[in-house]
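Chemist: There's a structure below that I have some questions on.
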Amino acid sequence: MNFKKETLDQIILELAYSSCSMENNTFTYDEVRDLFASNKPPTGQKNNQEFYELVNFKMGIEYIVKFYDQLDISIDTILKLHSIIMRFILDDNGAFRKHNLKIKSAKHIGSEHSKIVSKLEQLNSNFKNEIVEVLSEKDRTELILKYHCIFHKIHPFSDGNGRVARAIMFLMQLKYKTKLYSVNPDIKNDYFNGINKYLLTGNIDDLYNLIKDNLINID
């Protein structure tokens, strides 16, 4: 898919702002737009980590747009995206966590670290086998969202799981020709509730109905 520069800039802005804001990045939409226009580190109260969160995510989306037709839904792709998105933020960017997690508010989140690779390989295999059988765009989008939820459950990295998951969702939208959606930070709680509902009940309707109303705003 070939985007005009103005369109690609808008897609990157929407995705970087929304995804990083979901992780409590304090840059406003206008500040992110100005940052990408100047590509200069922040001054004043903004910190370098927030700068790298945004610039790295921009690089991740640019990488996906350039290579999406060549990228497999695979361990290598997942690790590559994490290495880009978390550069200068984590010492172990591009590597799976080597410890187990304790997340008080999410008992079902975080596979044992020794099972991360096998869990992801199974998830990737199941997704690729199922997506070729799906005809409607709605069904493809729902399958992408189910993958998204299970990826969250596996939680393969020490940090950056949400950003990588949303980058993979964008990759899948391009590869499998669905509409392009983002996750507006205003629906953050409903988004996580939708993920949790699917993981607990297998019902993806709430998350789908939420996402379908959040098309990327391309001026």
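Just so it is clear, glycine is given a Cβ too, placed from its N, Cα and C backbone atoms.
These came from TrEMBL, pasted as-is:
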- Glu23: site 'Important for autoinhibition of adenylyltransferase activity' (SITE)
- 73-213: domain 'Fido' (DOMAIN)
- His155: active site (ACT_SITE)
- Asp159, Gly160, Asn161, Gly162, Arg163, Val164, Ala165, Arg166: ATP binding site (BINDING)
Chemist: Give me the non-local Cβ neighbours of Arg166 (ATP binding site): same chain, 6+ apart in sequence, Cβ-Cβ under 8 Å, ordered along the sequence.
Modeler: Leu15, Ser19, Met22, His148, Ser182, Val183
Chemist: What is the interatomic distance between the Cα atoms of Arg163 (ATP binding site) and His155 (active site), given in whole Å?
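Modeler: Arg163 (ATP binding site) and His155 (active site) have their Cα atoms 11 Å apart.
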Chemist: Hey, which of the recorded positions His155, Arg163 is the loneliest by Cβ count within 10 Å?
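Modeler: Selected from the recorded positions His155, Arg163 on minimum Cβ neighbours within 10 Å: His155.
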Chemist: Do any residues at least six apart in sequence from Asp159 (ATP binding site), in the same chain, have a Cβ closer than 8 Å to its Cβ, and if so which, in order?
Modeler: Met86, Ile89, Leu90
Chemist: Near Glu23 (site 'Important for autoinhibition of adenylyltransferase activity') in space, meaning Cα within 10 angstroms, which of the recorded positions do we find among His155, Gly160, Gly162, Ala165?
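Modeler: Within 10 Å of Glu23 (site 'Important for autoinhibition of adenylyltransferase activity'): Gly160, Gly162.
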Chemist: Within 10 Å of the Cβ of Gly162 (ATP binding site), how many other Cβ atoms can be counted across all chains shown?
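Modeler: Other Cβ atoms within 10 Å of Gly162 (ATP binding site): 21.
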